[in-house]
Amino acid sequence: MRIEQAHLDLLYRHLDTARERAHRTSAGAHHGAAAGGTHQARLEREVRAREAARHAARLDAVERGLCFGRLDERDGTVHHIGRTGLTDEAYEPLLLDWRAPAARPFYTATPAHPGTVVRRRHLHTEGRTVTGLDDEALDLAGLDESGRRALVGEAALLAALARERTGRMATAVATIQAEQDRVIRSPLPGALVVQGGPGTGKTLAALHRAAYLLFTHRAALERRGVLVIGPTTGFLRYIEEVLPALGETEVVLRTVGELFPDVTTARTDAPATAVAKGGPWMTEVLRRAVAAHQSAPAEGIDLGDGLRVSARACAQARDAARGLRAPHNRARTHYLRTLLDALAIAQALSLGRPYDEEEAHYAPRELWAREDVRAALDPLWPALTPRQLVERLLTDGELLAEVAPEHAAALLRPPGSPWTVEDVPLLDEAAELLGDLHPTDRTGSATGFATETSTEAGAATEDEEELAFAQGVLTITGQTDDALLDAAALAGRFREDSPYRSTAERAGADRTWAYGHVVVDEAQELSAMAWRTVLRRIPTNSLTVVGDLAQTGSPAGARSWAQMLDPHLPGRWREERLTVNYRTPEPIMALAAAVLRTAAPGQQPPESARPGTDRPRAVPVPDGDFAAALAELPAPVGTLGVIAPDGKAPALGALTVTAAKGLEFDNVVVVEPAALAPRDLYVALTRATRTLTLLHHRPLPPELAGAL
Ligand SMILES: Nc1ncnc2c1ncn2[C@@H]1O[C@H](COP(=O)(O)OP(=O)(O)OP(=O)(O)O)[C@@H](O)[C@H]1O
């Protein structure tokens, strides 16, 4: 311990020095960035200031548990493993970052497959003091079967698993297991599906993977950011500290209900409606709903005084605008422009005036300024926002009968109903089909369309100039990787002239932001339409998808990964499996496994890594007064989660199964198990890390009663 303490002291001295240096650079760069100079110089300094601040924050984040392990190799080489890498003055490594390739044997070496490792040591520390060591000798000859355990660093792992839960997920860099390590270090490209039962560390591995990818591909990922999608805001709160504690800040956490700007919802639809809204057919339904807003008047246009356009010309104009295959709001400009031109020509003819260049320039514009003209033309192809379109689709029975006859009954709702999570993918799809509003539609200006061509051209040139300029700055500062994308981001910032915003902030506010990597947790809950929304945010398809098909609760969710992913990523996803449950003790897991046999007969329950002595208890509540029964339970040690059927949860102040997804508690109380669907019951039982109590008025489901 004395030797390890001396090394730890040395490491903290180097950390302090590196930190001081980073803070000094950051403060200096910020000061410089605020000072004057050309715009280019300011931008350049800001890029440096941002880099320095990030580096300083990363060094601050590793203070706790800086060094947690040591590897001794057969040739006498010793590596210390920690949360970050540190070198001495001669650039000799003092501490290996856990994500570095050389640190990998710390997580993968086993007595059966030791590689070149002869000893793995876990260091326990408190503050800057070494408080204990766990050694594993990995080259012992003649290990018997029980000695060839697959758990890596078992003593340290079991100690970590036995700790009381705080309500927040913690990092586990010291005790990552070999099968989790395979997930964490899987290559960046393509979609990786991680299927695993409850408590197998899917969330943990996915978050450590995000940190690993940011470390390994920093240049490409940091500027694009990483998006983590979770099932509920409660879940996101539970995991939000993991990545900052690993020194990573360029991460955006969102639920599906938060993926569309300015809509935040946790409200969900009834099952039949959720199924209707989540199916792939909604793409076509929305397309038809848009097309229903692109009409040509059957009788043509006649506004008197010779202002006439024939029905045929109107239909041709509409077909030509559709033929552009441009988003609705953009094609609207062309349609209206064609009709205005036709009206202007008709007007000139009726007045006996030549339709020359000057007339062609001014007449359509003047016509558009006339209220009667606008009133006649505007509704033929109205400007639409995604909210307007989706609201109209879901509330207009006639429109629904026309564009979605099979789903109309499930989709129809009263006007002004609040947005639901299932609406978000529809809004996103609508945004793609509609495109941005033309500036004149946003401002309501009367003369815009006649001048749009020149305005648009002007804006495009300005954009290009800013982009070229930002790209130049990045080249100067040596940050040319992925420069086009990042230059675009910088140019955007420059345009907004906003104060400094991080990648995560910029990405979070922009619907069309292309992330560097996306992690989807509890991915089995996503509908086909939600997948389209997610994949739009990651054009490179670099995804980590974690979930458990046995826990699917949403009626529009996945029953098989192939069925859900093949339509979007044919042949472009790979699967890893996690098989050991680190959360639920054996006696509780045995009960859950019995439920799983009914809930999802094809699915294999994970094996519990935790012995556990507390047997699950069933407490009958003959009078059905669950509130009183809860109050009578002995006060638990550690965290408590009460999970109840949807109808009972609010009154009891309990969690629904949906809200409990992905979470865990030292003690779990499940209210009226017989009222939960088998898959939901499986989810509820597997939230416990120590004790499980079942409060029941109705008889327990037979599979539970039989296994208790
Ligand atoms: N290698 C490990 N070291 C320490 N703790 C671990 C390890 N692996 C998993 N755990 C712990 O086990 C618990 C379960 O992990 P996690 O929540 O990631 O599982 P999950 O597979 O996402 O579960 P679920 O499907 O039920 O949401 C967490 O407390 C996590 O910290």
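Backbone N, Cα and C define each Cβ position, glycine as well.
As recorded in TrEMBL, the features of this protein are as follows:
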- GLY196, GLY197, PRO198, GLY199, THR200, GLY201, LYS202, THR203: ATP binding site (BINDING)
- 25-40: compositional bias 'Low complexity' (COMPBIAS)
- 175-585: domain 'UvrD-like helicase ATP-binding' (DOMAIN)
- 21-42: region 'Disordered' (REGION)
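Overlay of TrEMBL annotations on the structure.
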| residue | record | CB count, 10 Å |
| --- | --- | --- |
| GLY196 | ATP binding site | 24 |
| GLY197 | ATP binding site | 29 |
| PRO198 | ATP binding site | 24 |
| GLY199 | ATP binding site | 28 |
| THR200 | ATP binding site | 26 |
| GLY201 | ATP binding site | 27 |
| LYS202 | ATP binding site | 26 |
| THR203 | ATP binding site | 25 |
(Q) Using the CB centroid of GLY196, GLY197, PRO198, GLY199, THR200, GLY201, LYS202, THR203 as the ATP site centre, which other residues of the same chain sit with their CB within 8 A? (A) ASP548, LEU578, ASN581, TYR582, ARG583, PRO606
Q: With H, G and I counted as helix, E and B as strand and the rest as coil, say where DSSP puts GLY201 (ATP binding site).
A: coil
(Q) Averaging the per-residue pLDDT over the domain 'UvrD-like helicase ATP-binding' (175-585), what integer do you get? (A) 87
